[in-house]
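**Q** What TrEMBL records for C:31-246 is domain 'Ion transport'. Residues or ranges marked as transmembrane segment in TrEMBL: C:32-50, C:62-81, C:93-113, C:158-179, C:217-239.
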4 protein chains.
Amino acid sequence: MEKEHDFIPERTKWKRQLFRIIFKSDTRLGKAFDLALLVLILLSTSIVMMESVSVFDAKLHLLFVVLEIIITIFFTVEYVLRIITIRNKRSYIFSFFGIIDFLAILPFYLSLFIPITKYFLILRMLRMLRVFRIFNLLDFMNDGYFIVRALKNSSRKIYIFLLFLVIFCVIVGSLMFMVEGHREGFESIPQSIYWAVVTVTTVGYGDVSPVTPLGKFLSILLMLSGYSIIAVPTGIVTAEMRNKRQNLEKVCPRCGNEDIDDDARYCKKCGEKIV
Amino acid sequence: MEKEHDFIPERTKWKRQLFRIIFKSDTRLGKAFDLALLVLILLSTSIVMMESVSVFDAKLHLLFVVLEIIITIFFTVEYVLRIITIRNKRSYIFSFFGIIDFLAILPFYLSLFIPITKYFLILRMLRMLRVFRIFNLLDFMNDGYFIVRALKNSSRKIYIFLLFLVIFCVIVGSLMFMVEGHREGFESIPQSIYWAVVTVTTVGYGDVSPVTPLGKFLSILLMLSGYSIIAVPTGIVTAEMRNKRQNLEKVCPRCGNEDIDDDARYCKKCGEKIV
Amino acid sequence: MEKEHDFIPERTKWKRQLFRIIFKSDTRLGKAFDLALLVLILLSTSIVMMESVSVFDAKLHLLFVVLEIIITIFFTVEYVLRIITIRNKRSYIFSFFGIIDFLAILPFYLSLFIPITKYFLILRMLRMLRVFRIFNLLDFMNDGYFIVRALKNSSRKIYIFLLFLVIFCVIVGSLMFMVEGHREGFESIPQSIYWAVVTVTTVGYGDVSPVTPLGKFLSILLMLSGYSIIAVPTGIVTAEMRNKRQNLEKVCPRCGNEDIDDDARYCKKCGEKIV
Amino acid sequence: MEKEHDFIPERTKWKRQLFRIIFKSDTRLGKAFDLALLVLILLSTSIVMMESVSVFDAKLHLLFVVLEIIITIFFTVEYVLRIITIRNKRSYIFSFFGIIDFLAILPFYLSLFIPITKYFLILRMLRMLRVFRIFNLLDFMNDGYFIVRALKNSSRKIYIFLLFLVIFCVIVGSLMFMVEGHREGFESIPQSIYWAVVTVTTVGYGDVSPVTPLGKFLSILLMLSGYSIIAVPTGIVTAEMRNKRQNLEKVCPRCGNEDIDDDARYCKKCGEKIV
């Protein structure tokens, strides 16, 4: 997922070696390093989670703190080494993984001043996205890209859909506020909008639900709407995924058929030989 | 989204200039005007929302009222100017945005007589749909049209589906009313229908849920149905979206046919090659 | 939706005329009759619903009973006339609408012996499916058929999917029964299966929800499963709907392109003239 | 679903006959045997379920135990006979159905030592998957394969999607833990993650729901996300199902290629015309 950061021969030997260990996975040491990182990420996120559970924290607070310090020191050293060994430092620092690597250590230092920010250490989990590289899972990576690309390509349509949906929920929420007349859960328009979103997305917590017959009738209309318009994002993404083909260049020279499998030797529509 | 309302040279100069500022976004003043409108819409809807929250209303009631009067006066003047400066007044007044512009001021004047109607001011939010024009977001507009068109084209099928679904819910609700025998939440058939809709749409508030074993068994059947038939609206819209073209610019150079699919290599009307 | 029941000239004149009024909608009287039926159906179902609401029933019980008797007499006469006037009686009686017409009157007579069956009168609502014929809504009927056909064609796949799902829910429910150890809502395996279905279909009433950490963890897995496998029925129906094309015969004689619009004169793939 | 386990003539006659009865369904005895099995499976799972209901267990405990012993003895004998009569024992024992057959008896013997494992007898239900073979429901089996294959083929994409989703839920849950500040249901990060999954999958039990305005606002964002990204698994599976052929019989008469799409007119391997 990170661009190739080639090194030039002038670099000192240890930098080149370290670069290979830290950034690549094609050596034994490189693989071991990546694996160690993965273990530390999992350990670190587990610790953050367990620290939040008062039962565990009461017993093991000191252990958690010590482990967190050690892991953070390790991650910090690693981050510094990444910057040192790479040639195009700027491009790394502002790359997707560069930012994540930074966010994985920042909360610890911040938490020395603002304790609550400690929990942002959970962002370390994002580093797990590198996992596919470690195990050389090329197919998985391709599939990951496939999903990300399909979401990216349909994002504009989905944003507009969400804009429509939000306007719809605001209006329905206000209407419901007038109908349910300040009852519990409908004390204000924002509250009613919250209810409208809970309903239209078919989440339906039930912490707020209509009481009056008219309110229930409106709810029914809203639920049926939600049940129907869930088709919109689904349709958008599905259409997008169908559009994406593995091999977009292949096309039959005679009939223009574009649906040509990778293993095809003849066009399945007109029988023309595919070169 | 509104049709071009061309002006003819006989119109006085100020009318023409005002028309350009109010209706168009291609001059600096026109853009500033649209932006000001957008800010006022957001401000106005925020005020309506906050007014409904008793904590805010208690403190800032006067401010809210004054701001609302000012904004409404502005919107009223704007609406009158729109009618004055446009040539085809009738067509504007009954256009989608003409009606919305009117609905954006009506509730205020109505609320002088019927206070509760004040909250209909939230309809002002619909004016936000013009936002794409302001920022010249042609791609977004196209995507918006895409969604609206797909919904429009599949609306008939969805209405029929909803008719089926409503009949289904009425029957299931009545059945459940007999099964759960007047228990809480199933006091009457309309109540039971409400429950059936809540269940089949997978909203599941939980304010009403079956108690008897037979009722639970029926619920299971209903849930499995709902889980399966959500496929219907999704299938309808997805099929519709696949049918639609994404590229609205394509046009046949020979016969001017604009209905050209994305995968077309020849015009389906005149057989001309599409480049 | 009902097959043409042609009459032969030997039939007496009044039978032929009545047949036309009752079964067809192409005369003024026939339309009026269908409309009257529609009104009566809506009135009748409304009465059944309102009767179940104790507030209304207390006040208007007598009115409801009288109206129901009148409507049922009317429906009975109509049913008898349908049988008399039609030639192929057997085929009508066992047709979809023939059965519905019968079910629309049966509950009333049954309720004289078993009062609770009265509520089955709600089945009258199914007669509303004839509504499309009344208004000559050919497009709507076609769309209705489209949905029914798509569901029918994919029903076998959906049944198998539901069988898989039920087995899955039974196993998960039993597992949960062991995990949550007889807690409230998980008192027995059937109860736990009910919870599993509520969860996997994303209904989520909340009347039963996991309490132990392990139970919550299992729930998370189950919810993620439900969220993913909802894709299966959707995919089945969508694929089915895409397969159905309006004009299945049209195909380009040169390149075999089957995606040919109704208004196409040339193949959009190879430019061949479509005859 | 199990591979053909051919027998060779050297086998003794009774082995061959038993093999045919137990493994095949093409004789009267074989059909009867399969049917008897199906009844026993249904009976056995019903008993396990009813045993878990205290009302039934109190009355019929002894009956349940006796029946279970009998059925298990039968299943054990059957399992042993399957191993004896089949030639390739190893391949059967480790096949899908071989393992299920074993799991169908194991819990009983385990429960003699660890009582709770008794409920794993519910796994017997998986044996029902053989039901299609019994009734020679070839179409159903094909459809079952179709679903399994579509899920298998899209499983890698779905796993990645779930990985993304889990990381997303962990981060959102942690954020919510900070926002809702240790309130009920948000006592720890794992708890908050549970809530995030409940929300994003649109299950929405309502056992945990946000209380603070900021928490509700975040919930709205999360619900809208969940409502949108449900499109991803749906899109994946739908695209997969579209790719798959429905007609498994089609084969190229010249080169024997069996991978022939439904819309193919020519073999993609050798260019032969498909009739």
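Every residue gets a Cβ built from N, Cα and C, even glycine.
Nobody curates TrEMBL annotations by hand; they come from automatic prediction.
Walk me through where these features lie, including what they touch and how far apart they are.
**A** For the transmembrane segment (C:32-50), the list of distant contacts is 21-22, 25, 56-57, 60, 64, 67-68, 71, 74-75, 78, 118-119, 121-122, 124-125, 127-128, 130-131, 133-134: same-chain residues at least six beyond its ends, Cβ to Cβ under 8 Å.
Sequence-remote contacts of a segment are chain residues at least 6 beyond its ends whose Cβ falls under 8 Å from one of its Cβ atoms, and for the transmembrane segment (C:93-113) they are 1-3, 68, 72, 75-76, 78-79, 82-83, 119-121, 123-124, 126-127, 129-130.
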**Q** Could you give the residue numbers and ranges of same-chain residues that sit at least 6 residues beyond the transmembrane segment (C:217-239) on either side and whose C-beta is under 8 angstroms from one of its C-beta atoms?
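**A** Residues 150-151, 154, 157-158, 161, 165, 168, 172, 175-176, 179, 196, 199-202, 209-210.
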**Q** When the pLDDT values for the domain 'Ion transport' (C:31-246) are averaged, what is the result?
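**A** Residues in the domain 'Ion transport' (C:31-246) carry a mean pLDDT of 86 in this prediction.
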